[in-house]
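See below for the structure under consideration.
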Amino acid sequence: MEMLVLILQVAVLLGAIFIGIRLGGMAIGYAGGFGVVVLCLFLGMKPGAIPWDVILIIMSVIAAIAAMQLAGGLDYMVQVAEKILRKNPKYINYLAPTVTYFLTFLAGTGHTAFSMIPVIVEVAKEQNIKPSAPLSIAVVSSQIAITASPVSAAVVYMTGVLEPLGWSYPTLLLVWLVTTFSACMLTAFVVSKFFPLDLSKDPVYQERLKAGLVKSANGAAHIELKKGAKLSVGIFLVGVLCVVIYATSISDVVRKPMLESVSKNIPVYVDNELDSIKNEATSLLAIKDSEQLKLEKQNLSTPLESLKKTYIDSIPAIKANPNDIENLQNAFATAKNEINSIAKNEQNEKALELIESKLDSMVGELDSILLDFAQKDGMLANLSAMVKSYIDPVRLPRDGAIMSFMLMIATLIVIFCKVETGKLLDASTFKAGMTACVCVLGVAWLGNTFVDGYKAEIGDLAGKLVGDYPALLAVALFFASMLLYSQAATAKAIMPVVIAALGITATNADSAYILVASFAAVSALFVLPTYPTLLGAVQMDDTGSTRIGKFVFNHSFILPGIIAIVFAVALGFAIAPLF
């Protein structure tokens, strides 16, 4: 019976995904939600986690990109990219993926590649090169670059997973940037050397040419840029740089040494310590009655507030002569006597013991505390304290930082580039991004529901297979991303299970490099020929060289995509263990 239920659950999982793919576009997300209903209400599974962080990061990045598009920023970026391509047309197979890679790297979404497709087709035709060659590598590059982009939801999630395991944010970005970009360039080399590139020998092209279906190359198109186009790109790039700097600053590799450095400049502020003692003690009061609690808090606070006032009044004298502390010692003794005079009971015992212990500790070190304060207090100490307040604890976590920074970027673009906000909903990038959000919501939720239901079984199998053959994780991620339709959603569904299965922890992180090396394999969104940029490339190539075969999988993107991921993962396994 259990086997029958499992077969039905797998059938629903795959059936919902393939129905969504058949319907296309946002319907992929719709079908995912439909699958969740069937799995939960009819086949007894518990709903999995909805990947809200992934969805919200995509939404915020797309919000900024849409504002930049309306301001003319994307047109400007396309213009710059077109100049690069047309200046070196012979190297179109290398330059096309380079341009789409870095557009995605900066923007955090592969949908920016859309704007480059017509340019790539035109330049390829002018050089008698099949557009399918540069287009296929360019589309694949735009997907793989997601796994190196500092503002992509997938990278944000993975850095959050890997940092506690000893991998720093800058190191991860460096490894993924080097391995994925190198893989794209190696793929371009393979395609250039071993794939048939002569457009004039393509029979489909010749048929379309005779039928008058191929437009002649028109040369560079002139785009009239809006006034705020360059400014919007500048704002966006500065914003992305700020995200990278901030995310790096809260990474342990930077944060811990910085915290250690600034802490040396900060003296112990007795008034702040007394406030901390008061807050910690009052939180230990086990009193339910609000009036009684208020009265007890006042009883505990009064001696500490009086001591604090005496200290603040004594600061000028302490700075003049830190050894003259008799007045302050008397104030500590008075405060302690007042605390001791409070009747102890079960409700306040822990709070009173804490205050007594902390005051005794401070009195024992009072000489050194005040001497240190007299020597360090000043502008440097204040600046160091301010820096410390931002990083200990971290005020804004990385995912929250990316969301808020992106919305801030969008705000600045709207204000300074005079964007009409009413037209944002009509921006092509906004529509594509919101479609992606719905797809992630439905398909990732469906995937999480199934994976969570068999977490133990999948974990046992993954632990055995990946433990013996580490590269199999890349194979699993490849096939999962093919179905889950999102790099971030795939990572979020599979990685926690693998981490648990391999027993990877902060103290046992030897195998964590496998996760780093295999990460690029979540980019297999090209396998099923339904992804928007892939379909766009097929539709915009009027030569017919970029096509989808009769057997679905025999399309122009499958071989370059597989080659690129194999290279990226192989380079990952070669480089990641070095760190």
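Cβ coordinates are placed from backbone N, Cα and C, and glycine is handled just like the others.
Here TrEMBL flags 28-45, 52-74, 94-121, 133-157, 169-191, 231-250, 400-417, 429-451, 471-491, 512-531, 551-576 as transmembrane segment.
By number of Cβ pairs under 8 Å, the transmembrane segment (52-74) is matched best by 400-417 from the list 400-417, 471-491, 551-576. Under the criterion of 3 or more C-beta pairs below 8 Å, with sequence separation of 6 or more, the transmembrane segment (429-451) and the transmembrane segment (28-45) qualify as touching. Only sequence-distant pairs (6 or more apart) were considered; of these, at least three Cβ pairs between the transmembrane segment (169-191) and the transmembrane segment (551-576) are under 8 A, so the stretches are in contact.
Remote same-chain residues near the transmembrane segment (133-157) are listed as 53-54, 57-58, 61, 92-93, 96-110, 112-113, 116-117, 120-121, 123-124, 172-173, 176-177, 180-181, 183-184, 187-188, 191-192, 195, 197, 240, 243-244, 247, 398-399, 402, 406, 486-488, 491-492, 519-520, 522-523, 525-526, 531, 533-534, 537, 541, 546, 556-557, 559-561, 564-565, 568 (criterion: CB distance under 8 Å, separation of at least six residues from the stretch ends). Proximity of distant same-chain residues to the transmembrane segment (551-576), defined by a Cβ-Cβ separation under 8 Å and at least 6 residues beyond the stretch ends, is recorded for 132, 135-137, 139-141, 143-144, 147, 175, 178-180, 182-184, 186-187, 190-191, 470-471, 474, 478, 513, 516-521, 523-524, 526-529, 534, 537-538, 545. Same-chain residues lying 6 or more positions outside the transmembrane segment (400-417) and placing a CB less than 8 Å from one of its CB atoms are 56-57, 60-61, 63-64, 66-68, 71-73, 151, 156, 226-229, 231-232, 235-236, 239, 242-243, 246-247, 250.
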